[in-house]
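Below is one structure; the comments refer to it alone.
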Amino acid sequence: MNTAKPPPPSSTSSPFPILQTRTPLHWVSPLPSSTIITTFTSKPPRQFVVLVQGTADHTNPTSVSFTTTTTATTPHHSLNQTLLTLLRQRKTEEAWLTYVQCTQLPSPTCLSRLVSQLSYQNTHQALTRAQSIIQRLRNERQLHRLDANSLGLLAVSAAKAGHTLYAASLIKSMLRSGYLPHVKAWSAVVSRLAASGDDGPLEALKLFTDATFVADSRPDTAAYNAVLNACANLGDTKRFLQVFEEMTHLGAEPDVLTYNVMIKLCARVDRKDLLVFVLERILDKGIQLCMTTLHSLVAAYVGFGDLETAEKLVQAMREGRQDLCKILRDLNSENPGNNEGYIFDKLLPNSVERNNSEPPLLPKAYAPDSRIYTTLMKGYMKEGRVTDTVRMLEAMRHQDDSTSHPDHVTYTTVVSALVKAGSMDRARQVLAEMTRIGVPANRITYNILLKGYCEQLQIDKAKELVREMVDDAGIVPDVVSYNTLIDGCILVDDSAGALAYFNEMRARGIAPTKISYTTLMKAFALSGQPKLAIKVFDEMLRDPRVRVDLVAWNMLVEAHCRLGLVEEAKKTVQRMRENGFYPNVATYGSLANGIALARKPGEALLLWNEVKERCVVKVEGENSKSSPPPLKPDEGLLDTLADICVRAAFFRKALEIVACMEENGIPPNKTKYTRIYVEMHSRMFTSKHASKARQDRRSERKRAAEAFKFWLGLPNSYYGSEWRLEPIDGDDHASDSV
């Protein structure tokens, strides 16, 4: 077997330095079947050299040990040579067309270069083509032909395009195969995961740990900032401190972005008193301040609902003052919180000596820009202060500084405020004004208007707006646009229209999100078509781009329960548990409604026992990894269960439920229960011909009925002992009178 020669230097620059693997290319363990990029399988380990995008000429088929020898006269060799020449000339389109004509796989050099150049284009078409190469190599079990640079570039490109799960699975596959991805590749994916919803921040922490341990890679400041952002989004102060200390220990100096993330952490864990000390820490360490820091501060105070402090901060910036730290200290002079105090003492040591130090001055004055004004406007919008929002827009128009003039984000905020207030006509006027003054509306602006029309059940106007969006503004609807339209169709009971929009979205090549699937499932659930809801759910399971979450499972349960199909709903709940999801209040609420519809009060007793056990865990704190999380029942669930029990004359259980309602601060509807009792049970236990044995059997039920009447305030028998929910030993008799 010939050994590979090291590639000569290349004039073509690579985004990443030369990377090499530590082990022969084979997988240590298989990946889960749900992963998009499956294992890099190869026949018994073969030595190889990892190539770099744009490096040397490796047309010699014997330069890599796992290629088969091919003579220079074969058509395949000719296509391979042509492909390599085109790639060297950066003619990616022609190279792709040549690749499509290849009936056999090109050389590893050509494949790696082609994937790299396609990934580097950062377009939807190029990314789709690169992914098709990955798919072909996977099907032929030849993924080991690609080098680390090409895979890293593809991961970065996929992450930028929003295909975060695909990018993450690709990096994980590289790590498991022994590849050493560049820090910029895996940190870009960590950054996207940290900012995504659901389990994204947790997955970011896991990937960071794998990349630094498996790949033995030293993260830079940007990589640390990405994982710190994940910790901040989770509100995990302990892990934040651990990463922060590791960062400084390994020589990755915190920058201004690091402390901007720390502002987010303080806001997330309700430490408003520490925001000013983050700003002071930046100044004390001599880090160059940026407008993003001041914007983060304004956004934090707006998030706390402290518009007074946000307004005074913005006003001080308008006046050109440099003593912002003193102003913020004076406005937030209340006693500091005790939440994770020791952690923040280490993160912000300057906050410990807050009373013995003078607040530093800013190196210069910073005038507020449109972003800061817009953030303050969002605070007004959240509080329903539409007039103040519009007044702020007018004030921004007359600012002398052009950086303070309203932009498309500002106008979109005003549109959102008007839509939230139900003023659709005024919102359309703002849209028309944007067109008139040359501030083009973006897709977000139109999506907000779409949502407003759909919420007001004006579907025809929503459709007209979509046509205007495409024809006049040249903006193509995205997945949010279609999700909004699908939800609008549901509001007007148009499940066929919802399905039509879903199919149109996929026909346009727009990948559905989990919101798309669950919204369509909701359409079929509300229209009484559980079988179609199941089909949508099954398709969601097969879609590797989305993860089935608890909302999707609950929608499937709801689809069955709306028709009273309790057994099918219970089977779905069992499947849900097997997949690692515990029922929540919404799950139990759907089951309760299904039981009421099916008139199966016995099932209600079983359901109540399960709910009660979950509530006991909450009270006693007996929670472990193997037990379900504690449950806090809501009014809808408990009221439905109580209603079923009262109608079925399960008064003992009804009293347990109303006691639970009172413990959770939920006022029971005594008027409704009184009406049910009078209409259905007022003549209960009035028979004078019942045998003694029958009277004995029903004594406990009668006792419970008398106690329930007492709770309702209805006339009831006198009983001397205190009523208890549990049986009293030796109490075998009770009064038979009503």
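Including glycine, each Cβ sits where the backbone N, Cα and C put it.
Given the structure is predicted, the values throughout are model-derived calculations rather than measurements.
Features of the protein shown, as given by TrEMBL:
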type   : residues : note
DOMAIN : 76-196   : domain 'At1g68980-like TPR repeats'
REPEAT : 220-254  : repeat 'PPR'
REPEAT : 255-289  : repeat 'PPR'
REPEAT : 369-403  : repeat 'PPR'
REPEAT : 407-441  : repeat 'PPR'
REPEAT : 442-477  : repeat 'PPR'
REPEAT : 478-512  : repeat 'PPR'
REPEAT : 513-543  : repeat 'PPR'
REPEAT : 549-583  : repeat 'PPR'
REPEAT : 634-668  : repeat 'PPR'
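When each of 220-254, 255-289, 369-403, 549-583, 634-668 is checked for Cβ pairs under 8 Å to the repeat 'PPR' (513-543), 549-583 comes out on top. Within the chain, the repeat 'PPR' (549-583) has long-range Cβ neighbours (under 8 A, six or more residues past its boundaries) at 198, 514, 517-518, 521-522, 524-526, 528-530, 533-534, 537, 540, 590-591, 593-595, 597-598, 600, 603, 628-629. According to DSSP, the repeat 'PPR' (255-289) comprises 26 helix, 0 strand, 9 coil. For the repeat 'PPR' (478-512), same-chain residues at least 6 beyond its ends with a Cβ under 8 Å from one of its own Cβ atoms are 124, 443, 446-447, 450-451, 453-455, 457, 459, 462-463, 466, 469, 519-520, 522-524, 526-527, 529, 543, 545-546.
For the repeat 'PPR' (407-441), the residues of the chain that approach it from at least six positions outside its boundaries are 370-371, 373-374, 377-378, 380-381, 384, 386, 389-390, 393, 396, 448-449, 451-453, 456, 458, 461, 473, 475, judged by C-beta separation under 8 angstroms.
Listed by sequence, the residues of this chain that lie at least six past the ends of the repeat 'PPR' (220-254) yet keep a Cβ under 8 A from its Cβ atoms are 183-184, 186-187, 190-191, 193-195, 200-202, 204-205, 208, 261-262, 264-265, 268-269, 285, 287, 340, 343-344, 346-347. Taking Cβ pairs closer than 8 Å, the repeat 'PPR' (442-477) reaches residues 408, 411-412, 415-416, 419, 422, 424, 427-428, 431, 434, 484-485, 487-489, 491-492, 494, 497, 508, 510 in its own chain, all 6 or more past its ends.
Taken residue by residue, the repeat 'PPR' (513-543) breaks down under DSSP into 26 helix, 0 strand, 5 coil.
Here the repeat 'PPR' (549-583) has, by DSSP, the following mix of helix, strand and coil residues: 25 helix, 0 strand, 10 coil.
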